[in-house]
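Inspection log for the structure reproduced underneath, given as structure tokens.
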Amino acid sequence: MRAGYSIFLLILSLTVCNAGKLSNTFYKNTCPQVEKIVREIIQIHTRNNPSLCAQLIRMQFHDCFVRGCDASVLLDTVRNSKAEKEAIPNQSLGGFDVIDDIKAAIERVCPKVVSCADILALAARDAISSPFKKSMWSVQLGRRDGRVSLATEISGNLPSPFANFTSLVQLFKGKGLNVNDLVVLSGAHTLGDSRCGAFSRRLYNFTSKGDADPSLDPTYAKILRKKCPNPASPAITVEMDPGSSLSFDNHYYDILLQKKGLFVSDAALLTDKNSNKIVTRLQRSRSLFFTAFAKSMKKMAAIGVLTGNAGEIRQNCRVVNPGKN
């Protein structure tokens, strides 16, 4: 009896353990077509809107760094409690309508099965992958959705464009990511654009003396001043990777070494010897960057995930379910 009972407990513990893990085959029996649905919808949207790649990868980043990868960034504000998407750093996020389209399509085929957190992870991967006609990295699945989203939790959890190297390292370390991940994931700045306010101080008043940031290439600073008059207008945006903002590649590291990184946080990557070496390695090899980015994205996509019976499977990505699942 004791031996049989011990074996039963062992099997039970292994079952519980496995239920709490992410897996490449999580939906094999419950929604085997999930990846196909996401991929096809993303392909349609990226053809019509090439900037979607930047939007979705940024959305996933902002989701995972606050409360973990639980799709809390997708929730709308309820009553007087402002959601994450209302916080200033998130007000420029885009792509929520695309996630809604994917969720609706999946619910028609596999109702109440696939989480919004998993949809976001797949959508971000597929948006980057679409131009390459292949998946740039595998996505493990099995995340569940959180039920809380607070704008007040954004501060201190998302890296600031004004952050120095020490602050960036500490923040990433708190998320289980290292210096290599910091430099590699910063490479996503090869996509998209930024409002002038995120870097205008580097152009006009870096040390409160009406000066420019000496770590920014002077000629490039002059170009940026023409594009971004002082005071900064929220209506004006600038490419983060000039001439390459719609292409996922390692060009970001080229401009970084030319002292044309847009943010203080970009330039900060050159202030540390080890970080500088990583930048140089990634600049020399696109294939190395792609491999490293895939690895770091997998790590980031596993930050603080809810699995097993934690959280819920939202039926609408914008609102929590009326009751617990």
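The first residue you see is number 1, and the count goes up from there.
Glycine is treated like the rest: Cβ placed from N, Cα and C.
Here the structure is a predicted model, which means the values were calculated and not measured.
The annotation active site, proton acceptor is assigned in TrEMBL to His62. Listed in sequence order, Val73, Glu84, Pro89, Asn90, Leu93, Leu158 are the same-chain residues six or more apart from His62 (active site, proton acceptor) with CB atoms under 8 A from its CB.
Feature annotation from TrEMBL assigns Ca(2+) 1 binding site to Asp63, Val66, Gly68, Asp70, Ser72, Glu84. Taking Cβ-Cβ distances under 8 Å and a sequence separation of 6 or more, the neighbours of Ser72 (Ca(2+) 1 binding site) in its chain are Asp63, Val66, Ala83, Glu84, Gly146, Val148, Ser149.
Annotation source TrEMBL lists substrate binding site at Pro159. Sequence-distant neighbours of Pro159 (substrate binding site) (same chain, six or more apart, CB under 8 Å from its CB) are Phe65, Ser167, Leu168, Leu171, Phe172, Ser265, listed in sequence order.
Positions annotated as heme b binding site by TrEMBL: His189. In sequence order, Met240, Asp241, Tyr252, Gly261, Leu262, Phe263, Asp266 are the residues of the chain that are 6 or more apart from His189 (heme b binding site) and have a CB within less than 8 Å of its CB.
TrEMBL lists Cys31-Cys110 (among others) with the feature disulfide bond.
Summarising the annotation, TrEMBL assigns disulfide bond to Cys64-Cys69 (among others). Non-local neighbourhood of Cys69 (disulfide bond): Gln60, Asp63, Ala117, Leu120, Ala121, Arg143, Met300, Ala301, Ala302, Ile303, Gly304, Val305, each in the same chain, at least six residues away, with C-beta under 8 Å from its C-beta.
There are 22 other CB atoms within 10 A of the CB of Cys317 (disulfide bond), with all protein chains counted. Per TrEMBL, disulfide bond is recorded for Cys116-Cys317 (among others).
Within the same chain, the residues at least 6 positions away from Cys196 (disulfide bond) whose Cβ sits under 8 Å from its Cβ are Lys227, Cys228, Ala232, Ser233, Pro234, Ile236, Thr237, Val238, listed in sequence order. Under the heading disulfide bond, TrEMBL lists Cys196-Cys228 (among others).
Annotation comment: TrEMBL describes 21-321 as domain 'Plant heme peroxidase family profile'. Summarising model confidence by region, the domain 'Plant heme peroxidase family profile' (21-321) averages a pLDDT of 97.
In sequence order, Leu93, Ala188, Gly192 are the residues near Arg58 (site 'Transition state stabilizer'), counting only same-chain partners six or more apart with C-beta under 8 A. Look at TrEMBL and you will find Arg58 tagged as site 'Transition state stabilizer'.
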Residue with minimal Cβ packing [other Cβ atoms within 10 Å] among the binding-site residues Asp63, Glu84: Glu84
Cβ contacts of Gly68 (Ca(2+) 1 binding site) (under 8 Å, same chain, 6 or more positions away): Gly146, Ile303, Gly304, Val305, Leu306
Environment of Asp63, Val66, Gly68, Asp70, Ser72, Glu84, the listed Ca(2+) 1 site - residues of the same chain whose CB lies within 8 A of the CB centroid: His62, Cys64, Phe65, Arg67, Cys69, Ala71, Val73, Gly146, Ser149
For the disulfide-bonded residues Cys31, Cys64, Cys110, the one whose C-beta sees the most other C-beta atoms within 10 angstroms: Cys64
Same-chain residues at least 6 apart in sequence whose Cβ lies under 8 Å from Asp70 (Ca(2+) 1 binding site): Asp63, Ala117, Arg143, Arg144, Asp145, Gly146, Gly304, Val305, Leu306, Gly311
